[in-house]
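Peer 1: Provided herewith is a single structure, encoded as structure tokens, for subsequent inquiry.
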Amino acid sequence: GGVPPAVDLVLGAAAGCLACVLTNPLEVVKTRLQLQGELQPPGTYPRPYRGVLRAVGAVCRADGLRGLQKGLAAGLLYQGLMNGVRFYCYSRAEDAGWTGYPGGTVAAGAVAGAVGAFVGSPAYLVKTHLQAQTLAAVAVGHQHNHESISAAFESIYKQHGVAGLWRGVTGAVPRVAVGSAAQLATFTSAKDWVCERQWFGEGSWAAVLAGGMVSGVAVAVAMTPFDVVSTRLYNQPVDADGTGKLYRGFLDCILQISSKEGLLGLYKGIGAVYLRLGPHTVLSLFFWDELRKM
């Protein structure tokens, strides 16, 4: 409270970046799991990544320990842009009194998340490309083979212009809107539920973390299908005119995945999504709260 929205933009960006450094390895694992077996029936393709822990080992063997932080620079840029705009918009909604209406918190969270996702979309595009890149023996999904974050932005812009930098945004906006709304709708009630059962002391960060992990179940179930679609749309190869070679858009991606990989294909990587959500939520809110106090 009492922090101007413009300051919240900076603090939200900083909080998101600090959380990103600690949770980026799970983002790398999640991206690989979601691209594994793309548009192939279950059981018909090799699986170099089997579950979260084995996937972590596979990434380390192929790319070394540094491989767990692939795409970190792009991830930091995305978190800075997305969370800065998201916290700014939500702070403005609070100041305007919109969050005081029934359902206002959820609506404000969804809109703020959607705007943040749109602004940060080019960074998420590059992050996905870089995190998917690895040795041919364990490669999954299309390999864009960018040399660096700057080379990736330059290559995409030269080939497809400004519009190319926002390719895949139709999957990103609903992903963050649904995730942000579900998170805000369940996080506080989950934290209170944990405290009511006296598992942890009221106001302790252990209670906040436990609440985040309980809330993470609902958020992971709601958001993972959108997350898979978003990853696929961002990473797919494109024609010279920028048209996707695998998916025509958001709905086509959902239909193709569900028909060729089954409905469970929409939940690939849900373990990594869940394990990242709780800590990332708590760390973001913790850093945001502490920065606000300062």
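Glycine is no exception: its Cβ is also placed from the backbone N, Cα and C atoms.
TrEMBL lists 3-96, 100-193, 203-294 with the feature repeat 'Solcar'.
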Peer 1: Based on DSSP, tally up the residues of the repeat 'Solcar' (100-193) by helix, strand and coil.
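Peer 2: Each residue of the repeat 'Solcar' (100-193) counted once, the result is 75 helix, 0 strand, 19 coil.
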Peer 1: Looking only at the repeat 'Solcar' (203-294), report the model's average pLDDT.
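Peer 2: A mean pLDDT of 89 is what the model gives the repeat 'Solcar' (203-294).
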Peer 1: Taking helix as H, G and I and strand as E and B in DSSP, count the residues of the repeat 'Solcar' (3-96) in helix, strand and coil.
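Peer 2: Secondary-structure breakdown of the repeat 'Solcar' (3-96): 73 helix, 0 strand, 21 coil.
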